[in-house]
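Heads up: the structure comes next, in structure tokens.
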Amino acid sequence: MIWLLFVVILCGNFACFCGDFQQFVGDFKAVCSVFSFFVVNLSLFMVISSILLRSLHEPMYLLFCNMSVNDVFGSSVVIPRLLADVFLPSSQRYIRYTNCAVQAFCTHFHGATSHTVLMIMAFDRYNAICRPLRYAAIMTRRTVVLLSTLAWMVSFVMILVMVSLSIRLSRCRRVVNHPFCDNPSLFKLSCENIFINHVYGLITAMGMMALSLCVVVLNYLRIAVVCLSRKNQVLNRRALQTCASHLAVYVILLLSGFIIIILHRFPQLSEERKLASILFHVVPPALNGVIYGLQIKAVREKILIIFNRK
């Protein structure tokens with residue numbers, strides 16, 4: 001059942017790409033678009049596997065599913081529009097202001113949700129490794145649903161306020177100097193005082209990164225203390241395997257976000273900022289699917305079955 005759904009998704013999406021594949025070569029944005037096609041399909045496969053395989057109805061895998069849904073969402077918001085612009089000259093690349101505002105909200109919502117979900121995953125790993133006897137009582141399905149809802153809602157409210165501060169401004173410009181719309185693209189269309197937008201945007205971005213960094217570091221320090229104090233090498237090896245994958249995903253996300261924030265403060269590095277922004281919606285989601293998907297034995301076995309079938 002799962003392999004059939006995966007093949008349907010793969011074939012349906014590939015039909016949109018194969019006809020014009022040769023035109024993609026040499027164009028960076030197009031290459032990223034093709035690459036993101038595989039990202040979306042891998043993430044969708046993760047979601048479908050988590051739903052259909054009863055062995056994956058556990059807290060850790062449900063949180064993986066949250067991450068995969070967010071990856072599909074983030075890639076789908078940016079890449080289709082980016083792909084459409086590849087085939088248009090610059091003079092014909094238009095977007096309605098309402099659509100631009102929606103895209104800006106969705107791109108930041110994707111980034112914020114990535115951090116909140118990873119914070120919950122760090123908390124989950126702490127309980128699984130440091131409190132194994134109480135893990136089932138703490139991380140119940142109800143708790144996972146509540147934490148997941150909280151992760152999405154906090155990001156939603158925080159980003160809604162940020163974008164609302166930008167769309168309230170009057171506009172005196174019409175050109176978005178960015179591959180896609182984000183919050184700075186919105187408030188830079190105005191000639192009004194945008195100091196509050198800069199401040200709120202910086203506080204929101206840095207605050208979210210600082211909070212997630214503190215939560216992740218604190219939980220993993222406690223995990224490290226527990227692992228060093230016990231002598232069971234098998235359990236320590238398993239803990240290291242799951243923690244290493246989570247930390248790898250988190251570090252990639254954190255560095256990607258920091259690079260974009262820093263480049264926004266240097267107008268002369270606009271081309272580098274554009275490149276970093278596109279990569280943020282392509283590279284982390286791709287690596288998330290590979291790191292988490294191949295780590296889960298049940299998913300790995302299903303993937304091998306798909307490619308071994310004739």
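Placement of Cβ uses the backbone N, Cα and C atoms for every residue, glycine included.
Here is what TrEMBL records for this protein:
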type	residues	note
SIGNAL	1-18	signal peptide
TRANSMEM	28-53	transmembrane segment
DOMAIN	42-292	domain 'G-protein coupled receptors family 1 profile'
TRANSMEM	144-167	transmembrane segment
TRANSMEM	199-221	transmembrane segment
TRANSMEM	242-263	transmembrane segment
TRANSMEM	275-294	transmembrane segment
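Counting residues 6+ beyond its ends, the transmembrane segment (144-167) has Cβ neighbours under 8 Å at 59, 62-63, 66, 101, 104-105, 108-109, 112-113, 115-117, 119-120, 123, 183, 186-187, 190, 196-197, 200-201, 204, 208 in the same chain.
Summarising model confidence by region, the domain 'G-protein coupled receptors family 1 profile' (42-292) averages a pLDDT of 84.
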